[in-house]
Amino acid sequence: MLALRRICPSSRSKGTAISASPVLIRWLALTGVVLSVLCALCLGRFPLSPQRVLGVFGYFLHLSSTDDPVARTVVMQARLPRILAALLVGSALSCGGASYQAVFRNPLVSPDLLGVLSGAAFGAAVAIILGGAVSVVQGGAFAGGLLAVGCGLLIGRSLPEGGILSLLLGGLIGNAIFTALLSLVKYLADPMDQLPAIVDWLLGSLAPSGWQELAWVSGPLIGLTAALVLCAPVLDVLSLGDDEARSLGVSVRVMRPMVIVLATFACALTISMAGIIGWIGLLVPHVARLVAGAEHRNMMPVCALLGAAGLVLADTCARSLTAGEVPLGIVTQLFGALAFIIVLRRLRRGVG
Amino acid sequence: MSFLYCRNLTFTQPGRKHPVLEGIDLSLERGELVGLLGLNGAGKSTLLRLLMGFLKPSAGEVLLAGKSLRACSASAIARHLAYVPQSHAATFPYTVRRMVELGRVPHSGLTGRSGPEDRRAVEAALERMGLERLAERPVTELSGGERQRVVLARALAQDAAGLLLDEPMAGLDYGHQIRLMALLSELAREGRLVMLTSHRPEELYVRASRVLILDHGRIEADGVPGDVVTAQRMTALYGVPLHQTDHAGNRFFHQGEEDE
């Protein structure tokens, strides 16, 4: 059913949501993903025409017999794994961000609220100092992210009052501790090779993503993102506040930590894979709400799709804007912040 | 067996010495419209939150239909008791309809699709609260009073046998206050327990079937409105000299000389 639903003048005029059928919006978002992938396959330091790209897939699917070794190498070895990684990381970060925003009842929250970024950065920096291989750095980032959030949650639990404010304060304290520890590691790092490696890693990049990384990270990442999308109705209820959620029969004590754990694992995995990619988790949920409405059941799938498309495009910019490669974290930070101005101008009423 | 029963209910804030509520014994039946009067900070909201199971009592216990609240799951409580908080802070621009639909979560489950019965309940609740025209509007764009009506509609859609409301009149315009009290007494006549906290003794005198006065964490009075909502008690409670005038089934309180 792709027909446009009755357009609601009041919500349209206030710019909170474009009132089209949720199914149509999902299809449009999916089309966006396909187009962005196609775009990313063609663009780069070695531009390929869409025909050559499609020819490579035709050859692999045994639809055509003409082999184009150059295009095949570019597409299959360099671009495709990286694009798939961008799709996974983008959707996971966006859904993680949306979940955090709902659980903390604050649309200005991003996934690093409880310290997953500072923790992951610390973990990765320690691994770099210890001279670990790429996989060790990735493991260090993942463990560091979880450790920081765990510390934040424990600190929050130990505070009186309980509830969301304690969690926020716990996260703030955990964040501060791990930021300080990261600074300490940077201070102690060898300025000739270790420090640049840390800084480079912190800027975020999908460049090292190959089929091997994808093989072990894609399963958990898809699972976590899907779980968060399925949690959408829980997010609606949790975002009402503790008493109201409980009065609707939802156990806040069980559901809130569960969502936080899922979102945190997803974010920690993305960081271990691509470093720190800011703004996606904050910005994309807002865009998704703008096009699909606030209801999480409609918004979360769109959020995942838009996050995927957005990061693919950002990564394409990162590797084709200049002769060298601009770190992806810088691209998302810059474009994200600028785009946020536009989104906030349209959303002001909804946020306020 | 009472619908909602508590004995020796005591609650002390963590880290505080003096209890907010102490030794509350209450037996609430379906069909009652119970008004709860008390000063600001007397513990009215705390009592409602204890009865809902949001807070764990420091001593005593609450029984819902004969079963300890502690042994009930959150969703089981939600099927029996609906709750309307003092105020609702809308963070996300959900539509009014979606907000009311959430009242069906205890019945249809979180992932369950809403069936025809759910849709009927939502439509009926929207209509009862006069929200049909606002149904597709985002709650963030509504005024405080309209939002309060949305939360009330959600509680109605929940279709629970008990309805606990924390100052439901606050923020409503005069017409909606009167309509709400009429609706609440209708709900009580339908066989539900309706309990509300209020700062309007005159309103409770007309509509309530039972009035409680909560003072310094204890129940100071419990009885029919005619016995409890009196000038003497109101003067003692609020610390302002008041006189009463009865007229056509209403009781008015005023300062100054007595009329009769």
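A Cβ is built for glycine as well, from the same backbone N, Cα and C atoms used for every other residue.
Per TrEMBL, transmembrane segment is recorded for A:24-44 (among others). Sequence-distant contacts of the transmembrane segment (A:24-44) (same chain, at least 6 residues past either end, Cβ-Cβ under 8 Å): 2-4, 18, 50, 53, 74-75, 78-80, 83, 86-87, 291-292, 298, 301-302, 305-306, 308-310, 312-313, 315-316, 319-320.
Summarising the annotation, TrEMBL assigns transmembrane segment to A:83-102 (among others). Residues 33, 37, 40-41, 108-111, 113, 206, 209, 213-214, 217-218, 221-222, 224-225, 228-229, 231, 235-236, 238-239, 259-260, 262-264, 266-267, 269-270, 273-274, 277, 280-282, 284-285, 288, 296, 299-300, 303-312, 314-315 of the same chain sit 6 or more residues outside the transmembrane segment (A:83-102) yet have a Cβ under 8 Å from a Cβ within it.
Long-range contacts of the transmembrane segment (A:122-155) within the same chain: residues 114-116, 167, 169-175, 177-178, 181-182, 185-186, 188-189, 194, 197-198, 201-202, 208, 213, 257, 260, 264-265, 267-269, 271-273, 275, each at least 6 residues beyond the stretch ends and with a Cβ under 8 Å from a Cβ of the stretch. Marked as transmembrane segment by TrEMBL: A:122-155 (among others).
What TrEMBL records for A:167-189 (among others) is transmembrane segment. For the transmembrane segment (A:167-189), the list of distant contacts is 104, 112-115, 118-119, 121-122, 125-126, 128-129, 144, 148-149, 151-159, 195, 198: same-chain residues at least six beyond its ends, Cβ to Cβ under 8 Å.
Sequence annotations record features per position, and here TrEMBL assigns transmembrane segment to A:214-238 (among others). Sequence-distant contacts of the transmembrane segment (A:214-238) (same chain, six or more residues past either end, CB-CB distance under 8 Å): 81, 84-85, 88-89, 91-92, 95-96, 98-99, 102-103, 244-245, 248, 250, 252, 255-256, 258-259, 262-263, 265-266, 269-270, 272-273, 295-297, 299-301, 304.
The annotation transmembrane segment is assigned in TrEMBL to A:259-284 (among others). Long-range contacts of the transmembrane segment (A:259-284) within its own chain (CB-CB distance under 8 A, at least 6 residues past either end) are made by residues 85, 88-90, 92-100, 102-103, 108-112, 114, 116-117, 119-121, 124, 137-139, 141-142, 145-146, 149, 153, 201-206, 209, 213, 217, 220-221, 224-225, 227-228, 231, 234-235, 238, 303, 306-307, 310-311, 314, 327-329, 332-333, 335-337, 339-340, 343.
Within its own chain, the transmembrane segment (A:326-344) has Cβ neighbours under 8 Å at 200, 202-206, 274-280, 282-283, 286-287, 290, 311, 314-315, 317-319, 351, counting only residues six or more beyond its boundaries. Per TrEMBL, the feature transmembrane segment maps to A:326-344 (among others).
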